[in-house]
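According to TrEMBL, the compositional bias 'Polar residues' annotation covers 666-680. Taken from TrEMBL, the feature domain 'G-protein coupled receptors family 3 profile' covers 374-656. Annotation comment: TrEMBL describes 656-686 as region 'Disordered'. Feature annotation from TrEMBL assigns transmembrane segment to 372-395, 415-436, 448-469, 490-511, 548-569, 589-605, 611-634.
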Amino acid sequence: FSQCDNAKGLKAFYDAIKFGPNHLMVFGGVCATVTSIIAESLKGWNLVQLSFAATTPELADKKKYPYFFRTVPSDNAVNPAILKLLKHYHWKRVGTLTQDVQRFSEVRNNLTGVLDGKDIEISDTESFSDDPCTSVKKLKGNDVRIILGQFNEEMAVKVFCCAYDEEMYGSKYQWIIPGWYENLWWEAWINSSQCLSKNLLAAMEGYIGVDFEPLSSKTNKTISGRTPQQYEKEYNARRGDGQSSKFHGYAYDGIWVIARTLQRAMNYLNSTNKHQKIEDFNYSNQKLGNIFLNAMNETRFFGVTGDVVFKNGERMGTIKFTQFQEQKEVKVGEYNAVDDTLVIINNSIRFQGVEPPKDKTIIQEELRKISLPLYSILSALTILGMIMASAFLFFNIKNRNQKLIKMSSPYMNNLIILGGMLSYASIFLFGLDGSFVSEKTFETLCTVRTWILTVGYTTAFGAMFAKTWRVHAIFKNVKMKKKIIKDQKLLGIVGGMLLIDLCILICWQVVDPLRRTVEKYNMEPDPAGRDISIRPILEHCENTHMTIWLGIVYAYKGLLMLFGCFLAWETRNVSIPALNDSKYIGMSVYNVGIMCIIGAAVSFLTRDQPNVQFCIVALVIIFCSTITLCLVFVPKLITLRTNPDAATQNRRFQFTQNQKKEDSKTSTSVTSVNQASTSRLEGLQSENHRLRMKITELDKDLEEVTMQLQDTPEKTTYIKQNHYQDLNDILSIRNFTDGKDGEKAILKNHLDQNPPAQWGSSDPSRTSKDAIEDINSPEHIQRRLSLQLPILHHAYLPSIGGVDASCASPCVSPSASPRHRHVPPSFRVMVSGL
C-alpha cells in the first residue's frame, strides 16, 4: 500500500488486518499522509511498523507514533550534519529561506532547535509561497551570507533566478539546499522562470546539497556478506532497464532489520519462556508486541546503507554532501550520525573565492591617516620657514641699533617673528593623528594646536597692527602737541589682544572642551580583493557647540583684520619708508584673508580626505606666515643693504594739479623728524590743512602782520643775506600757485639780483592798498617767506619733540634759541604750497 491515495491505502491496510492471517509487523509506507494515519493506529493492534521511504519529520513524534520505525533517515537527520558543516567552516551566522509547506517548515523548526545553544545565530528567517524574490532581497538586506534553503525543485529555480538578480551568488555567498532533487532537476523548470539558463547556472554554481546516503561508500562486507558496491552491481543487473529508486538500499536493509528483530525476539522468548513462540502473536497480545518493539529498537548491524542503528525509532544514518560544480553534482563529503563525524573528501569543495565565504560582511575599520611622505614633505617646508623666521630674528636683533630697524620698532618685529614661528609649529601638531599617537594624546593635541595657532596669529598681526596704530596716533595728532608712544604701550596693546584670546580659549576649554570623535563612512570593497569590506574611520577634534565657538574666534580675528586694514589705509600717506608699512600690511591682510577663506572652504569640503585636508591647512599656514614675514622684513633688508639713510628721511611731496579728476584740489604735507629727541619714535608726520580756498585771506593777514612788524624795527631783522643760501637748501618750494615753471625762475632771479634788505627799509610811503594789490610781488613773497618760516618752525617742532610749546615767540630770531641751533641739519622742514 505504497500509493498516496489515502482511502485506498487505509482500505488495503484494514482488509489485511481483517481478512488476512495474523501479521507480526508492517513493512512499508511511502506516502507521508497514509503512513502517518496507519502509524498512529498501530498501537491498538500492537503492531510494529518499519518504513524504508517515509522521511517526513512528523513521524518522529514517539508519543504519537510509538510503534513506528524507519530505515531511511528523517528529513530532520540532515540538520545535525548541517550543524557539523557550519562548525567546520566556522560559520556562526546564517539565514533560512523556507517554502510554505509543512514538510519544509518542520525541518526548519527542527533546525532552529539544533542550532540553539551551539553558538550559531539565525539572523533572519524568511518564508514564501510562490514568489521568493522579496524574501531573497530581505536576506541580502540583513547581510545574510550563508543561506539554508528548504524548497522543492520548482521553487529552487525561482530562488536562484532571484539570487542572480540580487547578486547573491559567487565568492561571498554559500547556498545549502536539499540534495534529494532529481538529476538535472533545473531543466524541467527553467522554462517556467524568467531568467536565462546561463544566469541560472551561474547563480547555482557552488551550492551544497544535503541528503541521506543511498548506499554506503565503505568497502566493508555487510550483514548479507556483500559489500555495498557488490550489492549495487547486483541490483543494477537484476533491475535491467527498470527505473531505479534511491530507497532500494533502505528497503534491502529493512528486510534485514525485520529478520534480526524476529531473531532477537525468538532468542528472548527461548531464554525467558520456553512455552511461548512468536507464532502465538495476535493483535491483542501486548506482551509480544512490546518484545518486538524492544528488539527492533536494539537492532544494530552494518548494511548496504551503512550502520543501521535506531535511536527512539529514528535511523542514525549517513548524510552526504554534494556540490554543484560545472553543471553537475559532485559528492564532496559525508556525515556519520553514529560517530558524529564529518569527512570532507580530499578538500573537494570548491569555493568561488580563494577562501570559504564569510558568514557576514567582515567590516574592518581602517583609520584614514595622513600619509607619512606627505607629512615629511610639509614638515620639511615648515622647518625651512622656521629657519627663515630665525634668520629674520637674527637680522632684527643684530641691526636693532640701525636707524631703519630702530624706527620700525625691533621689539614689535620680534613679536611678529614669534607669532609666525608659533603658526609654523602648529603644522607639526595638525599632522599627528591616530597612526602616530594614542587616542588620549590626540585629544590633548586637539586643544594644544588650537591654542598655538590662535596665539601665534594674534601675536604676529597684533604686533603689526600695534606698530601701525602708533604711526596713526602720531601723524593724526591734529593738536600739534608733543606725543611720545613707547614700546611698552604697544606691548600692552598686544597683551590685551592675547588676553581676549585667552579668555575665549579658556571658556571654550572649560565649558565645551574639544574631544576626539570618530566619523565612520560607508563601506568600501577591499582593494586586495578579499571577502571583507573596509569601513573608513576618521578622527576629528569636535565638541558639542563647535559652530558657536568657531564663530566667536572667526569674528574676533575678522575684526582684528578689519582694524588693521583701517590703520593701513589711514597711514598710507606717511612719507617715511621706515615707518610706513601700510602697503605691506594691506598686502598681508589681503593674502591672509583670501587664503584663509579658500583654505577653510576647501578644508570643510575635504574633511573625509585627511591627506588633502592636512595639505591644504599646512600650505595655507605656510603661505600666510611666509608672505607676512617676507613683506615685513625683506624690504627692510634690501633697503639696509642698498640705501639705509633714504628710508629714514622724508619724502618730499609735490603739490600737483590733476586736470582730469581733481580740478581744484591740492594736497600738502608737512613732515619732520627730530631723531635726537625722539630716537625711539618710529616717525612723525603732520599734514597741513588745505589752504587753496583761503590763500587770499591768509595773504592779507600776513600782509597786516608784515606792516605791523615794519613799525617795530627792533624785531625786524632775523633773516639776513647770508641766510638765503641755507633757506634754499632747507625749503623745497614748487608750484605754490597755478602758474608755470617760469614764475619759479622769476622768483629765483629776483632773489639773486636783489639781496634781501632790512624789513624796515621798505618804502614807508606806500599805502596799505598798494601793498595788497602788489601782494604777489617778489618783495612780498620774500617778506612772507621770512615770516612763515619761523612761524611754522615753532608750530610744528613741539609736536615732534623739537622745540617745546613754551618756547619763545616765533618773532624771536632763531639764533637766540640754542635748542633750535643744535637741530641736526640733515632733518629739514619742508613747506610746500605756501
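For all residues, glycine too, the Cβ spot is worked out from N, Cα and C.
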Over the domain 'G-protein coupled receptors family 3 profile' (374-656) the mean pLDDT stands at 80
So which of 372-395, 448-469, 589-605 has the most C-beta pairs under 8 Å when paired with the transmembrane segment (415-436)? 448-469
Could you name the stretch, out of 372-395, 548-569, 589-605, with the greatest number of CB pairs under 8 A to the transmembrane segment (448-469)? 548-569
Per the Cβ under 8 Å criterion, with at least 6 residues separating them from its ends, the transmembrane segment (548-569) contacts 454, 457-458, 461-462, 464-465, 468-469, 471-472, 497, 500-501, 504, 508, 512, 581-583, 585-586, 589, 592-593
